[in-house]
Amino acid sequence: MELKGIAVSTGIAQGTSVLFEPFDNSLDYRLLPLYLVPGEQRKAFDAIRQLCTQLEDSLAQQTEGSDTYALIEADLLLLQDTELQQQIHSSIRDLQLSATAAVDRVFLHQASELAALDDPLMAQRSNDVVSLGRRIINVINGAGGKLLNNLPDDSILLAEDLTPSEFAQLPLDRIKGIVLKTGGLTSHTAILARAAGIPALLSCGFEFAEISNGMPVIIDAYAGRLHINPDATTTADLTTKQLHNEQRRQALSKYRDIECSTQDHHRIQLMANITSLNDVARLAQFGIDGIGLFRTEFLLMDATRVPDEKAQFTQYYNAIHLLAGKTITIRTLDIGADKEFACLPNKQQEDNPALGIRGIRYSLKHKALLRSQLRAVLRVAEFGSVRLMFPMVTQAEELDELLAEVAICQQQLQQEGKKFGELQLGIVVETPAAVLNLASMLPKLDFISIGSNDLAQYTLAADRTNLALAADYPAFCPAVLQLINMTVQTAKQAGVSCSLCGEMASDSRIAPILVGMGLEELSINPAAIPEVKALLCEGNYQQFCDLARQALACKRISELESLLVSCKLPS
C-alpha cells in the first residue's frame, strides 16, 4: 500500500510501524472517600512497578556508561526510592488525594527541591523529574503512550496528531520516522521533527484499521510517500535512494568547517533555527555561524509550570556555552495561534487565534512572564553575543512599550546588584503592517528578521495550518516576495541588518533568490544547512542577483515555479 502525505522533514526511514495513542496526563482532583483510598494506592504502585519494568528493559538495551544509560538509571533509582513511594502512599491516605494527584504533588515537590539548588545540572534534572511523574500519571490513566519505552530501535510512529508535550516525551533515539494524519509544513510537529532531523510525513491519509503494530513500513519524505508492507522492488529502490542520499550527505561534509561564501567572495551568514538545548548540541556537525532563531516557547512543551527566571537563565547560558562565542538570537515567547501550552496562565479560547492574542500581544498582557524572560536574557548577555527579538510587532507603539519593559528590567537588575550585558534588539517582521510601519521602528532597532511563514499567512489571508489551502497559497509567491524585498530595501536604507528565518530559507532552490535580493543572513533548519550551504558556496552572487530580479518580475505563481525549474544552479 502506498499513501501520499506532506513531507515536512526530508529523508528516508525504514522500520516497523508503531501506532501511537495520545498521552493522558489529566489529574483527578476530587477528595477521595476513605473507602477508595486502598484502591488508589494500588493504582499508584502498580503504575510505578509497570514503569520500572519498562525502564529496566530499556536499560538493558543501552551501553553502560552512556548518557542515555545514566538518564534511564537515574529515573529508575528515583522510582525505586522507598521514601518517595511512602510520600505518595501517605498523600493518598492522609490528604485523600487520588493516585494521579498524589503522584503529581510528590514529583513536583521533588523537582522544586532540585531546581532550588545552585547547580545548572540539577536544575535541568528537575525537568526530567516532572516528566517522569507525568509518565506515571499516564500509566495510571491507561493511555497508550505508556508503551513508548519498549519501542524497537527502528520504530516508525503513526499517530492522529502529536502535541508539543507528547513530542517531548518521545524516545527519539528509537524513532526513525513520524507519520501523522494531520498537520502541515509549518505546524509545531513539523518544526520539532525538522529540528530533531527525523523524516516526517504529515496529512497522510492512513487508517488505523488498516495498519497494525510491527508491520514493515518505509517513509520516503522526499517524494511524500508512505509505503506499508512494501514489496521487494520498492524496498530495494528506496534502499538505493537512501544510500545515494547518505553518499550525498557525506560529500557535503567538506563544507562544514568553511565559511559560507560564494565563488565571487560574497559572504553569507548561515544561522540555525532551534527549539531546545538538544538542538544546540547537534549543531557542531553542520558548521553554522550561530543561532538565528531560538524558539523559546518550546521550552514550555513538557513543563507543568512556566520556567522561572533561573530556569530560563540556565537554558540560555548552556546554549551560549555550547556555541563557543557564536551569536545566539533569542525570540521571546511566541504564544497563541497553533501553539498552546498547558502550563500557561489565563488561557482563553478565541474564535480566530491567528488574529488574536499571540506573540508580544500575549507577553504584554502577562508582564510578569515577559519580565522574567527579559531578565534572564539580559543576565545571560554578560556571557556571550546575544540578540533578542520580539515576535508579532506590527506598529511603533508596541515597540515603544517593549523597549520600556527592557529598560525596567535593566533598572531592576541594577538595583539588585545583578550583572547583565548589552543586547542587540530586533523584531520579527511577519505581517504586512510591520512591513509598512518598518521605517518608523528601525531607528530603535539593531536588526530585524523576516518571518516568512507568518508573513505569507497574513498576506494571503490563508491559515498556514489549513491543508486545503496549502497548495493554492504557497509562501513562495509574487506578493510575499515583493514584501520581503520591500523589507530588505527599507532596512538597507536605514543601515539595519536584515535576516530571514522562515521555511523559505531552508529551501535550497529559493535560498539563492533570497541572497540575490540582498539578504546577508539566513536562519534555517539544521538538517537543511548542508544542501543550502553547498549551493551558495558553489554559486555566484551576481547570478543570484539576476535570479532575484527575474523572480521579482514574476506576476504569477506558475512563473515562479517555472523559474525554479529552469534556472541553472550548481547541484
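Note that Cβ sites are derived from N, Cα and C of the backbone, with glycine treated the same way.
According to TrEMBL, the feature active site, tele-phosphohistidine intermediate maps to His188.
The DSSP secondary structure for Cys501 (active site, proton donor) is coil. Taking Cβ-Cβ distances under 8 Å and a sequence gap of 6 or more within the same chain, the neighbours of Cys501 (active site, proton donor) are Met271, Asn273, Gly292, Leu293, Val428, Ser449, Ile450, Gly451, Ser452, Leu522, Ser523, Ile524. Annotated active site, proton donor per TrEMBL: Cys501, in sequence order.
Neighbour count (other Cβ atoms within 10 Å of the Cβ, all protein chains): 24 for Arg331 (phosphoenolpyruvate binding site). What TrEMBL records for Arg295, Arg331, Asn453, Asp454, Arg464 is phosphoenolpyruvate binding site.
Sequence annotations record features per position, and here TrEMBL assigns Mg(2+) binding site to Glu430, Asp454. Within the same chain, residues at least six positions away from Glu430 (Mg(2+) binding site) with a Cβ under 8 Å of its Cβ are Pro391, Met392, Ile450, Gly451, Ser452, Asn453, Asp454, Leu455, Tyr458.
Taking H, G and I as helix, E and B as strand and the rest as coil, DSSP gives the domain 'Phosphotransferase system enzyme I N-terminal' (4-125) the counts 76 helix, 13 strand, 33 coil. Annotation comment: TrEMBL describes 4-125 as domain 'Phosphotransferase system enzyme I N-terminal'.
The feature domain 'PEP-utilising enzyme mobile' is assigned by TrEMBL to 152-224. Mean pLDDT across the domain 'PEP-utilising enzyme mobile' (152-224) comes to 84 in this model.
Residues or ranges marked as domain 'PEP-utilising enzyme C-terminal' in TrEMBL: 252-537.
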Exercise. Find, for the listed binding-site residues Arg295, Asn453, Asp454, the residue with the lowest Cβ contact count at a 10 Å cut-off, counting only other Cβ atoms.
Key: Asn453
Practice problem: Could you tell me how many residues in the domain 'PEP-utilising enzyme mobile' (152-224) are helical, how many are strand and how many are coil under DSSP? | Solution: 20 helix, 19 strand, 34 coil
Quiz item: Which of the three DSSP-derived classes (helix, strand, coil) applies to Glu430 (Mg(2+) binding site)?
Solution: coil
